[in-house]
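Structure first, then comments.
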Amino acid sequence: MAQYIQQFLNSVLSQRGPAALPYAEDMKWHIRQHLLYLTEAYPSLQPKTAVFTHNDGRTVNLLQADGTVPMSFQGVTYNIPVIIWLMESYPRHAPLVFVNPTRDMIIKRPHPFVSPNGVVSIPYLHSWVFPASNLVELVRNLSHFFARDPPLYSQRKPSNPSPNPNLNPSYSSMNSSMGSTAARPAIPPREYSPAPTPPPPYGSGRMTEDPAEVFKKNAVNKLVDVVNGDIRELKKSREEEMEGLFGAQASLRKREEELRKGLKEMQDEKEALEQQLQMVLMNTDVLEGWLRENEGKLGSNEVNCVDVDEAFEPCDALSKQMLDCTASDLAVEDAIYALDKAAQEGAIPFDQYLRNVRLLSREQFFHRATASKVRAVQMQAQVASMASRASTQYAF
């Protein structure tokens, strides 16, 4: 039976095209495992496919676990017939559970966990969290809450009762009216056929069989046994192959996610490099333009007479002030370095060295402070210029 259930689930969950079940591909393996664990823990619940009708009239083919949930009431074990529908969003969302009363059963009204139309609502369903929640724990909770307050009662008929293997004793008297019938999946009532009538006994005369027929029958039985053995081996090998394919599918999906992540990172890096390349090209154009403008200003004989201080012209007063402060700072740094060398060699007295270093450090401090203020003003001007360009662009 376990092999049949496993083969059935592998078959229905691997279907593609219009006949495929409406579950997410990355969730089908979890659905399969949940149903296998459920049938292993509760053999009375069997998975099958059926058509579910939504409240808006839509119909869809879904998986369900149909059977009975055992419960213990007053020291006696009873079986409550239920149907557990695995909706399209399962297992990320809770399944839909119905009690499925037979013809000789009625739903208790009122009941804290079962509505008059059979919908079950227990705390475990409301607190369903994937992947911690599963069908085995759901059925355990159903058994627990049903044992506290049984949802079904048996109707006693005066004559000709219908045989029922899941006999539920009458817990208390109540009205047999079923109340309003809200929309729910079409569930046919369970009917149990009476036990088959045993064949009549053989006659008293001795019966003889043809040896050819006996040989033929034995050969057919032997062939059937061989074929059944081959089928079992084939099933086992195909199930192992299916397990390997499911594992390979999960591994491939994980690798696909990693590749997508790596590809996105490479695309982001490419965009950043393209922006840097554009910036370099813009700076190259600026420098080449400056060279073209200033190359013809000097003759070949005047190259050695160029004043370095006048070779670069600042674009504004702030840039000129920044250039002067930076040059003065570096000049003071060179002077302090020369004084250090002179003091090490004994060329100047130590007190004169300290006095000069103090004066130069003070001057260097003022130059650096001025450069810092100029840099802050330039940054504000640059931000304001970018904001004005952006506003003009959005205006267009």
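The backbone N, Cα and C atoms fix where each Cβ goes, glycine too.
Remember, predicted model here, so these are calculated numbers, not experimental data.
Looking at 179-213, 249-283, the stretch flagged in TrEMBL as coiled coil turns out to be 249-283.
For the domain 'SB' (316-384), the model's average pLDDT works out to 91.
Look at the domain 'SB' (316-384): DSSP puts its residues at 64 helix, 0 strand, 5 coil.
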